Structure formats: structure tokens, C-alpha cells
Amino acid sequence: MQEIYLGVGMFTIIVLVLVAIIMFAKSKLVPQGDVEILINDDEDKKIVTQPGTKLLGALANAGIFVSSACGGGGSCGQCRVTVKEGGGDILPTELDHITKREAREGCRLSCQVNVKQDMEIELPEEVFGIRKWDCTVKSNDNVATFIKEFIVQLPEGEEVPFRAGGFIQIEAPPHHVKYKDFDISEEYHGDWDRFGFFDVESKVDEEVVRAYSMANYPEEKGIIMLNVRIATPPPNDLSLPAGKMSSYIFSLKPGDKVTISGPFGEFFAKDTDAEMVFIGGGAGMAPMRSHLFDQMRRIKTDRKVSFWYGARSKKEMFYVEDFDMLAEENENFDWHVALSDPQPEDNWEGDTGFIHNVLYERYLKDHDAPEDCEFYMCGPPVMNAAVINLLKDLGVEDENIMLDDFGG
């Protein structure tokens with residue numbers, strides 16, 4: 001019995017010693033107390049936080065929202081800040097988005113920077129105009145088989161001061177949604193049934209943040225309108241994860257609450273007299289609509305403007321009446337659609353094929369100076385790459401190719 005007591009006692013002593021060693025090491029290795037982050041050399045913008053957090057989160061907790069389309073995953077490369085002091089060495093995960101020259105100048109991804117000590121950083125002044133709003137879902141209707149027009153109502157009297165081509169970030173709490181509960185318009189059920197998508201579920205255990213471009217333009221006030229394409233699992237393996245945010249948005253119904261922040265953006269129109277050519281596909285319609293309505297309705301531009309949109313079939317075309325109306329109102333605007341897979345019931349007599357080929361054959365091939373035009377594009381990565389290759393072959397410089405790379 002005495003040996004048992006002795007063994008238990010020795011074991012307890014060993015455990016206590018190990019705990020003491022760990023606590024001592026933690027006190028030496030992990031910073032204790034508050035950390036101060038000085039922003040733009042302005043004492044009024046200094047924030048105080050606890051060590052051990054990411055810089056992106058520390059700023060957000062202080063009401064300073066840095067753009068992060070991937071929600072802090074390190075994949076979008078948007079949450080750039082300049083770290084003047086503190087922050088440690090740049091990480092390999094950052095070097096995919098930051099050049100060596102930028103790194104030497106202190107450029108970092110705030111989602112990858114651990115706050116361990118007092119820091120000095122620089123942020124663009126426009127960051128301080130970014131806010132959060134608790135909004136109410138106004139409508140959430142299909143405009144194509146896998147795309148919803150998602151409209152949220154801002155609080156009474158509130159506006160998001162965005163520019164055409166800008167985007168907001170939307171937050172999703174932990175959730176478990178079932179695709180069978182989605183409100184999908186009857187005309188689109190065919191593909192959903194055929195691929196078995198109504199059997200899919202999406203379970204997310206952490207908060208998610210994603211970015212979406214506005215489809216409304218600044219004079220459509222009091223709302224934020226998005227075009228959201230759901231990221232389903234591949235039909236041949238429905239066990240793979242579905243898109244976290246898009247699944248959540250598809251589950252929302254009028255009256256539901258949702259939090260957004262913004263405005264963000266850099267996909268803005270240049271203030272020149274050059275001809276403007278817009279090319280879009282899929283949910284890349286959103287910034288196209290925003291830009292085109294802004295140019296024709298608010299700015300009332302006299303520049304020559306055209307819009308080229310690629311869709312799979314007639315069922316995937318949307319905002320047709322909107323653009324027909326703009327074309328009727330403005331002699332300097334025209335728009336074109338090409339269907340890559342028109343269905344027999346479409347009775348389609350318009351252009352067919354991929355939009356970059358149609359753009360070339362119908363317009364750019366005989367254009368006097370395509371290199372003098374400004375090209376604005378947003379669509380699936382394959383479309384973007386094809387258009388960019390076409391423009392490069394035509395001698396268009398990088399400075400005249402503007403890309404909203406939501407799928408990159």
C-alpha cells in the first residue's frame with residue numbers, strides 16, 4: 001500500500017513539475033499584457049489589443065475593416081497593409097501575393113501577421129470609411145439556374161457610399177443548411193433534380209466572410225444587390241464540400257438578417273474619353289450592370305460603350321430588359337449575347353460560341369484601333385484568360401485591361 005501511495009505521489013510531483021515548466025516557458029515565449037498598434041503615425045488611431053491574434057482580426061475588433069475576400073484564409077491577397085515595425089518575418093504563404101520588392105517595403109497580408117509585440121503600420125485612408133451594417137433580406141430570387149439576385153435592405157436612412165465596380169463583404173455565422181429547403185424557381189428544377197443537388201447539405205462550424213461585387217449602381221439607394229452563383233459539389237461526387245457562403249446565401253429568405261461591411265474595391269472605371277468594352281459571363285454580370293448603369297444613367301457618358309455577355313443557354317440570360325432599355329435610351333451603347341450551348345426550345349437566332357470569339361469576329365477583327373479601347377471584364381477564370389490572351393494578341397496594353405477576378 002505504501003508503494004502505491006509513493007507511486008501516486010511521485011507521479012503527482014512529476015506532473016506539477018511539468019506544468020510549472022510549461023507555464024514558465026509560456027511566460028517567456030508568449031507575450032503578456034496589452035499590445036499597441038500605431039496606425040499611420042496617428043496617436044488618435046492607435047489601437048490596443050491582446051497578443052496572439054492576427055492583425056486582420058485585431059483591426060476588425062477595433063472597427064477597422066480591411067478588405068479580405070477570402071475571409072482571412074490567405075488566398076485572395078487583398079488584406080494588404082504596410083508594417084513599419086513589429087510583425088516578424090514575412091511568411092511563405094504571403095509571397096504568392098507579394099513581390100520581393102513589395103516585401104522589402106513592408107507590405108504584408110494582415111490575415112497572416114501574428115500580433116506579438118507593439119507594431120507600427122500604415123493603412124490607406126479610405127479604410128477608415130469602411131463600416132458594417134445589419135441588413136434585412138428583401139428578396140432572393142433565381143435569375144439563372146445557379147444564380148440568385150440577392151437584395152438586402154439597409155437600415156432606414158443608411159447608404160453604402162460605393163463606386164460602380166465596388167464590392168462588399170458579407171458574414172455568415174456557423175450554420176447547417178439543406179439544399180432541399182432552398183427556394184428554387186420551378187423553371188430551374190430540371191438541372192437541380194438531374195444532378196441530385198437537392199440532396200446536398202452544407203454544415204459550417206465557423207464564421208465565414210466572403211466578398212461580392214454590387215450589381216446595383218450608386219443611385220439605386222437603400223439596397224445592396226448581388227448576383228450569387230452557388231458553388232455546388234461536382235455532380236459525380238456530392239460528398240465533397242459545397243460553397244460555404246453561397247450555400248448560406250441561397251438558404252436566406254425575405255426578412256432574414258445579414259451583416260455586410262464595405263465599401264471596398266478597385267475595379268473602377270477610368271475617367272478618360274476612350275471607348276469602353278465590357279465583357280462578362282455568369283455571375284460576373286454584377287459589376288457589369290453596376291458599371292453600365294452608372295455610365296449611362298448617372299454619368300451620362302458620351303463615350304462609345306458596348307457590352308458582350310456569354311451564357312450557356314437562353315435560360316441563363318438575365319437583365320435582358322435592363323440592357324435593352326439602356327440601348328434604347330442611349331445611341332452610344334449597344335450590347336450582345338452569345339450562347340455557348342443553345343437549347344432547341346430557345347429558338348436562338350443570335351450569336352453562338354464563346355464570347356471572346358464572338359467579340360473578335362463581330363467587332364474587334366475590323367476595329368481600327370482596339371489597343372486604344374478600355375476593356376473591363378468579369379467572368380469565370382477560363383473566360384477571363386481567353387479574353388486577356390485575345391487582347392494581348394491585338395496589342396492591348398495591360399493598363400487598358402481591367403479585371404474583376406472574382407474566380408481567380
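Cβ coordinates come from backbone N, Cα and C, glycine included.
Features as listed in Swiss-Prot:
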{"type": "TRANSMEM", "residues": "4-24", "note": "transmembrane segment"}
{"type": "DOMAIN", "residues": "33-127", "note": "domain '2Fe-2S ferredoxin-type'"}
{"type": "BINDING", "residues": "Cys70, Cys76, Cys79, Cys111", "note": "[2Fe-2S] cluster binding site"}
{"type": "DOMAIN", "residues": "130-270", "note": "domain 'FAD-binding FR-type'"}
Judged by other C-beta atoms within 10 Å of its C-beta, the most isolated of the binding-site residues Cys70, Cys111 is Cys70
Could you say which of the binding-site residues Cys76, Cys79 has its Cβ with the most other Cβ atoms inside 10 Å? Cys79
Residue counts for the domain '2Fe-2S ferredoxin-type' (33-127) under DSSP, helix then strand then coil, are 18 helix, 28 strand, 49 coil
For the recorded [2Fe-2S] cluster site formed by Cys70, Cys76, Cys79, Cys111, name the remaining residues of the chain with Cβ within 8 Å of the site's Cβ center, in chain order. Leu56, Ser67, Ser68, Ala69, Gly71, Gly72, Gly73, Gly74, Ser75, Gly77, Gln78, Leu109
Any idea what the model's mean pLDDT is for the domain '2Fe-2S ferredoxin-type' (33-127)? 92
